[in-house]
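Colleague: Reproduced below are the annotations present in TrEMBL:
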BINDING   His444, His449, Glu503  Zn(2+) binding site
ACT_SITE  Glu445  active site
Amino acid sequence: MDAQSLKQYLADSPPTIVPLQIKPHFEALTDKEKLYAHWISVACFAGTRIVLRQVSPDSEPLYDLIIALHKHASGDWKALQATAGLSDDDLAAFLGYTAQFLGNLGNYKSFGDAKFIPRISPEKFHALASVSPTTKELWGKVQGRLYEGNTPGEMHLGYPDAGHVSTYYPDSGDITKEEIAAVSDFLEAKKLLPENTRLRKTGEGFEVLIASASKDPSAEERDLKETEWTLDGKLAGKKVTLAFGDHAVEMGKIADALKKAGEYAANDTERGMMKEYVKSFASGSLEAYKESQRYWIKDIGPAVETDIGFVETYRDPHGIRGEWEGFVAMVNKERTAAFGKLVETAPSLIPLLPWGKDFEKDKFLSPDFTSLEVLTFAGSGIPAGINIPNYDDIRQNIGFKNVSLGNVLSAKSPNESIPFIKASDIDVYNRCRDPAFEVQVGLHELLGHGCGKLLQETSPGVFNFDKSSPPTSPLDGQPINSWYKPGQTWGSVFGPIAASYEECRAECVAMALSCDFSILKIFGFGDGTEDIDGPAGDILYAAYLSMARAGIAALEFWDPKSAKWGQAHMQARFSILRTFLNAGVEFCELEYTKDDLSDLTIRLERSKILSHGRPAVERYLQQLHVYKATADVERGTRLYEEITGVEPFYRNKVRPAVLAAKTPRKVFVQANTVVEGEGATLKEYESTAEGMIQSWVDRAYV
């Protein structure tokens, strides 16, 4: 690649490193609760190497190289600098790259799936990595691909046959999208869930690698008794074989830590949850994992909240295999009270959305909704909120949980620049963006992901709607003529666009309902009276400004070479910006006077949010929702791909301005817990690259 093209992939300089503040919340726990939190934290971080392997071939040896360099010099980076003959700038570039790498658990951005490369030169990095035989050997494993791929496509995660990188398909550079789809469809028909799998192409066919501590679980422990089949159709004669024991060492450590956690559980529900986790991670059974999630949903208002497993499927290009993650957190009771009020009123808010009862669950299953302060979040990135589990049958019939991660939302970097906001809007934006984001996260997670019904043929001839008199679509006034067939899920039908499409639907729910002043009152803003110019109006205005700004910034995560979006949420936010702009210049417009758009700002008319903005969002939301509810993947895909298509103006003019003004994404330094006596203590670290590295070195079990 040419030097100019490579510039966009350079590591952040410097990265924005912030601490995940947790001390007062952890210290408020009892000794028993601290030990419960400790052992689950160990289980979460014990999956670190799984994440590294899921990101890229280079990530695990690069992690080992960083840890080995630290150990060689006992953390004295200045001594290493002198030994390797590095300048201060060289060392700063190496440490900055390392912090970004550890913050993403890999050398591809967790938010955007684009590779980032060191600013330290290959020669200087080589000199640093030559200080010991161990570091030399590790350097040999990564040096060939550390700086750039052989092709531009390798700078992004995606389908291997499109020239991208994906280690969900290890040692399978020639596997095609069609082969992945065919094997996935076959396993779906067998009712084998895919979240904890990877897929390897072999000479005889395909190996389905299942994460488990055991390499040979018994037939009773497995989800399927059979372990090998011969395909027909286009792949006739090819074998599909289940291979257990993927990540066996890590899965064993995770199961052992969760057994210990079970000894400190507060009640039978938590003990049952730990038991099912252990069963799942030992044997590879996702049916056991689903049982753990049923227990988890019933564990209402725990002092220590947690979930762990192969959860989100954003980074698998096929959208069905989950990345390892786990979190441990404490409840913020004051903020949770506001979310509790939102849950109470949710059944009365759902009818405000632009579809009838035929497209909504028969009964809203009120979830546990808490504001959490995070102790541990293991994975490639930390979200602001979570709505899980992702299994449709559990969500529709038992429920789900919502959490807002308070100390993630409130984490700030000093002197943060704010491009694209007009000077006249900076005050209200700065004052109100955090509370506006909290409102948005609450509505997005609870009602966005929590609303809606999938119209299904649940088993042959059995429907969850009246087949003889099907619901009428609000889009065209005609009876619906499509639905989910037995064994199909939302993810399996909508495939690669499912994650981003669903995030968009949830964001639109939040943008529509945040216009209701009675909802803003629940969060403590205003008295419920519609007043766009009052304090509650400030929150609403900041919410719409933030979404429009995010829609512009989203273009950083679109790759012009592959014409591919690298981040689900940002693709969604770009489509909502387009929806604002489509509402007319009297509501929203991008303004600039310079040819290079270096002075680009958003003009969004506050007085037109209710008359223009909300109706535009609701029209878009109605389409998204009905197509999802009815399994209309053809129309849903066409709608979404059209509105997220990046036209020449955005590609050639806006995107360069976005790249010129982009700010580094935050990476978090997390504390560790250490068993001492009858409890556990907290060990915190400086919010520097050195502190970040030390925190990982201290996780010696990884």
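Including glycine, each Cβ sits where the backbone N, Cα and C put it.
Situate these features within the shown structure.
Modeller: A 10 Å cutoff on Cβ-Cβ distances gives His449 (Zn(2+) binding site) a total of 22 other Cβ atoms nearby, all chains included.
Neighbours of Glu445 (active site), defined as other CB atoms within 10 A of its CB across all chains, total 28.
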Colleague: Write down the Cα-Cα distance for Glu503 (Zn(2+) binding site) and Glu445 (active site), rounded and given in Å.
Modeller: 10
Colleague: Excluding His444, His449, Glu503, please set out which residues of the same chain place their CB within 8 Å of the center of the CB atoms of the Zn(2+) site, keeping sequence order.
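Modeller: Close Cβ neighbours, site residues excluded: Asn387, Glu445, Gly448, Glu502, Arg505, Ala506, Glu507, Val509, Ala510.
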Colleague: Measure the Cβ-based neighbour count of His444 (Zn(2+) binding site), defined as the other Cβ atoms within 10 Å of its Cβ.
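Modeller: The answer is 28.
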Colleague: Near the Cβ of Glu503 (Zn(2+) binding site), how many other Cβ atoms are there if near means within 10 Å?
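Modeller: Cβ-Cβ neighbours of Glu503 (Zn(2+) binding site) within 10 Å number 21.
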